[in-house]
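Taking it in order: structure first as C-alpha cells, then the write-up.
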Amino acid sequence: MTQKKVAILGAGSWGTGLALVLADNNHKPVIWGNLDKIVNEINESHTNSHYLPDIILPTEVKATLSLDEAIDGAEIVVIAIPTNAMRVVCKQLNEALKEPTILVHVSKGIEPETNLRMSEVIEEEIDAKKRNALVVLSGPSHAEEVALRHPTTLCASCKDLKAAEVVQDRFINNNLRIYTNDDVIGAEIGGALKNIIALGAGISDGLGYGDNAKAALMTRGMAEITRLGVAVGSNPQTFYGLTGIGDLIVTCTSVHSRNWRAGNMLGKGENLDEVLEKMGMVVEGVRTAKAVHGWANKLDIDMPITESIYAILFENKDAREAVDLLMGRKKKIEKESF
C-alpha cells in the first residue's frame with residue numbers, strides 16, 4: 001500500500017487511536033493539538049497518558065501545534081474534536097486549506113442552536129471547492145479498545161461511495177474492519193442520539209435497576225432515534241446497522257462510555273454540574289439532549305425517553321419519578337410505521 005499522509009485534528013482519545021491505526025497501516029498520521037503538554041508527550045514519549053493511559057504509540061505518530069504543518073500534503077483530514085468546537089475549528093481549517101481534500105469527521109452530536117448535524121456544520125464553514133468529499137466515520141467503538149488493537153468495526157458513510165472506499169482502504173486492517181454506506185444522515189443521527197440513550201442506561205444502572213430495564217430502554221430508545229431519523233431523511237435500515245443499533249449497544253453497556261458513566265453518577269444522586277466537573281471530558285449526550293429536545297418538539301416527534309432524560313438533566317426531575325412516569329404512559333401497540 002502506498003504511504004499517505006493523513007492529518008488528524010484533535011489530540012483526544014479518538015484522534016490518537018485513529019492515528020495509531022494509520023501508523024499500523026504504514027501511513028503518516030500527524031495529529032494537530034492545541035496543548036503543548038500533549039503534543040510534546042506524543043512526540044517525545046510516544047504516549048498520550050491523559051486520554052489513552054498505558055498505550056504506547058508507534059513512533060510514526062507525530063503531533064504538532066501548527067494546523068498548517070498538520071494538513072500540508074495530507075490526502076485526508078480527519079476532524080476528531082468535540083462538537084462544541086466544530087465551527088471554530090472548521091473556520092480555521094477553511095482558511096488553512098490550499099487545495100481540495102477528503103474530509104472525514106468522527107464527531108457525534110447535534111448543534112443545539114441550529115439542530116444541524118456535524119456534516120452540515122462543516123459544509124457551512126468549509127468552502128465546497130476545498131472539499132473533495134465529506135465522509136462520516138462512525139460505529140460501535142471505544143478509542144481505548146481500538147488503541148489496544150481489539151477487533152472493531154466501523155462504517156464510512158458518504159454520498160460519494162468512491163470517497164468512502166478511499167477512507168475504507170486507509171483505515172482497514174486485521175483489527176479494524178470498515179464497511180461503506182451512503183446514508184450520511186442516518187449515520188450521524190444514530191451516532192449522536194445514542195449518547196442520549198446511553199445517559200439513560202447509566203441512570204438506570206445508577207438507580208439499581210437490572211438488565212430488563214436497560215434492555216427496554218435501549219429498544220424503545222432506538223425506536224425514538226429511528227423515528228426522528230426517518231423524519232429528517234434517513235433510511236430506516238441504517239438504524240439496524242453499525243451506526244445505529246451497533247453504536248447504541250456499545251455505548252449503553254460499557255464502562256468506557258463517558259455518557260454511561262455520567263448517567264450512572266446522575267442515577268446515584270449527583271447533579272449535572274458535579275458530574276461534568278468529575279468527568280473532566282466532554283459528555284456529548286448532554287449537549288445533544290438539549291438540541292434534540294427542541295428539535296423533536298418542532299417536528300412533533302414523540303420521544304418520551306429523550307424528553308425524560310432532558311428533564312433529569314436540565315429541569316431537576318427526580319430520576320425515579322421520571323421512570324415511573326414512563327412506565328405509566330398510556331398503553332400502545334409496539335409496531336412502528338415509517
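Note that Cβ sites are derived from N, Cα and C of the backbone, with glycine treated the same way.
In Swiss-Prot this protein carries:
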- Ser13, Trp14, Lys108, Ala143, Arg258, Val282, Glu284: NADPH binding site (BINDING)
- Lys108, Gly139, Ser141, Lys194, Asp247, Ser257, Arg258, Asn259: sn-glycerol 3-phosphate binding site (BINDING)
- Lys194: active site, proton acceptor (ACT_SITE)
Between the Cα atoms of Glu284 (NADPH binding site) and Asn259 (sn-glycerol 3-phosphate binding site), what distance do you get, rounded to the nearest Å?
7
Rounded to a whole angstrom, what is the C-alpha distance between Ser141 (sn-glycerol 3-phosphate binding site) and Ser13 (NADPH binding site)?
12
Might you list, by sequence position, any residue in that chain lying six or more from Lys194 (sn-glycerol 3-phosphate binding site) with a Cβ less than 8 Å away from its Cβ?
Lys108, Gly221, Ile225, Gly244, Asp247, Leu248, Thr251, Cys252
One should report the C-alpha separation between Gly139 (sn-glycerol 3-phosphate binding site) and Ser13 (NADPH binding site), rounded to whole angstrom, as 15
Measuring Cα to Cα, how many angstrom lie between Ser257 (sn-glycerol 3-phosphate binding site) and Ala143 (NADPH binding site)?
10
Taking just the CA atoms, what is the gap between Val282 (NADPH binding site) and Asn259 (sn-glycerol 3-phosphate binding site) in Å?
9
With every protein chain in view, what's the tally of Cβ atoms within 10 Å of the Cβ of Ala143 (NADPH binding site), excluding that atom itself?
22
Largest inter-residue Cα distance among Lys108, Gly139, Ser141, Lys194, Asp247, Ser257, Arg258, Asn259 [record-listed sn-glycerol 3-phosphate binders, Å]:
16
